[in-house]
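Student: Features from TrEMBL:
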{"type": "DOMAIN", "residues": "1-79", "note": "domain 'GST N-terminal'"}
{"type": "DOMAIN", "residues": "84-215", "note": "domain 'GST C-terminal'"}
Amino acid sequence: MWTLYQFPLCPFSRKVRIALAEKNVDFALELEYPWARSDRLLGLNQAGQTPVLAGEKPGPLVHSQAICEYFEETVEKAPLLGSGSAARAEVRRLTAWFDEKCYAEATNPLLLERMYKRVVLRQPPEARTLRAASQAVALHLDRIEALLGERRWLAGATFSLADVAAFAQLSVADYLGGLGFSGYPDTKQWYSAVKSRPSVRRLLPDRMEGLVPPPHYDKLDF
Ligand SMILES: N[C@@H](CCC(=O)N[C@@H](CS)C(=O)NCC(=O)O)C(=O)O
């Protein structure tokens, strides 16, 4: 059986967990905190990053996009990249947008200030960085609201890896108290639709040790 090395607030591990669950691929979870630099994680991935998927051939598979694309190519059920070159290019563009820009500008600063400083460094968060992260979250919500003005799902008419990647980033911000939907009605409806999927409901009960999410975090009517 596959084992996913991850921690509950790693957005890239969430992306992989949702994609694998959509495709009905079974896997166990093992906890790894990248900052602990464990020999086990470094042995699986020299970069010392999560997620890593191992335990079956051709594992270990490293990097969320490489893992998701491996299963896209090998499991027919629940295609997540869309059909046709143009559709796939759009799914990949938006997936990269959330993986790279949303993570760098919004999720990662929130993780550093509200998770890493609290749980590992035992330091208070910096208000200036939190303000900048919150402005970045709003910019990404603006972008999503605009996309949903034209489409049912982020990349088009069907649920795709772009929705998975966006939800993975935003749900971490949500856990950390950094997400609100005031002024974003279409985004709230989309977030609720993604949250209701069985693949997503499975990961909502997970908790990061030492950090309690807001009460609405795992509720379907939030
Ligand atoms: N692009 C990679 C990013 C993975 C990543 O940045 N993981 C974070 C945890 S959420 C990590 O391991 N950070 C520690 C580090 O970069 O040293 C992917 O999609 O898998």
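The backbone N, Cα and C atoms fix where each Cβ goes, and this holds for glycine too.
Annotations in TrEMBL come from automatic prediction, not curation.
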Student: When secondary structure is assigned with DSSP, how many helix, strand and coil residues does the domain 'GST N-terminal' (1-79) contain?
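Tutor: So the domain 'GST N-terminal' (1-79) is made up of 32 helix, 15 strand, 32 coil.
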Student: Per-residue pLDDT averaged over the domain 'GST C-terminal' (84-215) comes to what?
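Tutor: Across the domain 'GST C-terminal' (84-215), the average pLDDT comes out at 97.
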Student: By DSSP assignment, list the helix, strand and coil residue numbers for the domain 'GST C-terminal' (84-215), in that order.
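Tutor: Counts, helix then strand then coil: 89 helix, 4 strand, 39 coil.
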